[in-house]
Amino acid sequence: MSTVPEISSAPFGRLLTAMVTPFDTAGAVDFALAARLARYLVDQGSDGLIVCGTTGESPTLSWEEQYQLLETVRNAVNGSAKVLAGTGSNSTSEAIHATAKAAEAGADGALVVVPYYNKPPQAGLESHFRAVAQAAPDLPLMLYNIPGRTGCSISPITVQRLMNCSNIVSFKAASGTTNEVTDLRIRCGSRLAIYSGDDGLLLPMLSVGAVGVVSVASHIVGMRLKAMIEAYFAGENSLALSHHEQLQPLFKALFATTNPIPVKAALELIGWPVGAPRSPLLPLENQMKNELMKTISALLQT
């Protein structure tokens, strides 16, 4: 039986931003704005950036757009933060190709979502992720479980079976429950770095063994999130809880409708006009935008 090496507690840092994809008024990717936004997010506390994930609207980006975004963001941050590429697909061959391409392009890691729509059984999920891992053996991978989007969930037992793939080093937990973190910790221990995939559950997930977060809210309150994480790991639990409670209204507002619709509107409100989402997503309705503005204004006063 192979010996699986231990990994560092947070291989990509503790605060990762699932970065939006900026579009111009014609709906084309605004690569220059993506570069500026990437540098801003790092300045606001992000240890890593994930391009072309759910928040980055990967379903409506071509593979060529995704590869160019990866290159753009990597060049923009110039080693000051980890850059991960979303390379998941419900086609194993597509995921293999995209992950290998990300490795060739110099990504620091890849976010690989559970295959969506076709609902493979657990054996199929194991085979899928094993094949992707073997296609880019030197690229660290983060598995991504978000059953509300994919219609399918990878079980902790299946993840445990994948632990002999040495480059599967982390897991984005977005099932909406802390139980997933506990079950993974029991089965995989410190071998697997678990990241909260839900801003609102970050503090509870840290308390049961998560190492950090893949955040949407960090587009708006990166330094506040960083402060909460640092307070928690410094043992300042009351301070961490205070941050958690103060940020809850924003967390809820950013998921009042489908992500990334609200966060794109929020970015515009704070001076980053990143464009509307691509169809079939729509811009945030005016009433919800007004409520979002009130939430952000109130938060900035605390």
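Backbone N, Cα and C atoms are what each Cβ position is placed from, and that goes for glycine too.
What Swiss-Prot records for Y144 is active site, proton donor/acceptor, and it gives sequence analysis as the kind of evidence. Among the features that Swiss-Prot reports, active site, schiff-base intermediate with substrate is placed at K172, with the record citing sequence analysis. Swiss-Prot lists T55, V214 with the feature pyruvate binding site. Marked as site 'Part of a proton relay during catalysis' by Swiss-Prot: T54, Y117.
Overlay of Swiss-Prot annotations on the structure.
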| residue | record | DSSP class |
| --- | --- | --- |
| T54 | site 'Part of a proton relay during catalysis' | coil |
| Y117 | site 'Part of a proton relay during catalysis' | coil |
| Y144 | active site, proton donor/acceptor | strand |
| K172 | active site, schiff-base intermediate with substrate | strand |
| V214 | pyruvate binding site | strand |
Y117, Y144 as recorded positions, winner by CB count within 10 A: Y144
C-beta crowding around K172 (active site, schiff-base intermediate with substrate), within 10 angstroms: 25
Euclidean distance between Cα atoms of Y144 (active site, proton donor/acceptor) and T55 (pyruvate binding site), Å: 13
Nearest-integer angstrom distance between the alpha carbons (Cα) of Y117 (site 'Part of a proton relay during catalysis') and Y144 (active site, proton donor/acceptor): 15
Those residues of the chain, 6+ apart, with a Cβ under 8 Å from that of T54 (site 'Part of a proton relay during catalysis'): A18, G86, V113, I146, R149, N259, P260
Fewest other C-beta atoms within 10 angstroms, as judged across T55, V214, which are the binding-site residues: T55
K172 (active site, schiff-base intermediate with substrate) and V214 (pyruvate binding site), Cα-Cα, nearest whole angstrom: 7
